[in-house]
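*Asks:* Sharing the features that TrEMBL gives for it:
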type: DOMAIN; residues: 4-144; note: domain 'DUF7704'
type: TRANSMEM; residues: 12-34; note: transmembrane segment
type: TRANSMEM; residues: 54-78; note: transmembrane segment
type: TRANSMEM; residues: 85-104; note: transmembrane segment
type: TRANSMEM; residues: 124-143; note: transmembrane segment
Amino acid sequence: MPANYIPFAYRLWFEYVEPLTALSGAYIAYFLPATYLQMTNAPSYTGTIQPPELVVFALKQLAASFVFLGLAEALVLHFTSDLRVYRALMCAMLACDIVYLSSIRGMGGSAWYWVQPWLWDGTGWGNFGMTWIGFILRALFLYEVGF
């Protein structure tokens, strides 16, 4: 295999699947903040119809982060096969995953909701499950599993 060979499964996830989910999350957080809050919270969430202005502001900032992450993956990784670039971006995104996943602590009435997939509904799987899949794939990539 060439020195800069990147397995298809990693390319598929990091260049196409994950950027699309990040951009769709950005759209929902920016334009549909109440929906985003319902999707991000535990099934027991009983939030208001219209979130407070400060929450909407924070969600729009979060949307900007999602846009950056999605475009960084889609564009930077699409135009390179340099493993150093891939690894650098994977390390940065792994750190983002850790912060994002730890922010879910306490959801669902449990400090460990974020690591209890049997408690998640379909929306939880779409949100937390996708993040966990990305986290695991990044870790596997950095350990060069499948190369």
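Using N, Cα and C of the backbone, Cβ positions are placed for all residues, glycine too.
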*Asks:* Write out how many residues of the domain 'DUF7704' (4-144) are helix, how many strand and how many coil, based on DSSP.
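*Replies:* Tallying H, G and I as helix, E and B as strand, the rest coil: 109 helix, 0 strand, 32 coil.
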*Asks:* Output the single range from 12-34, 54-78, 85-104 maximising the number of Cβ pairs under 8 Å to the transmembrane segment (124-143).
*Replies:* 85-104
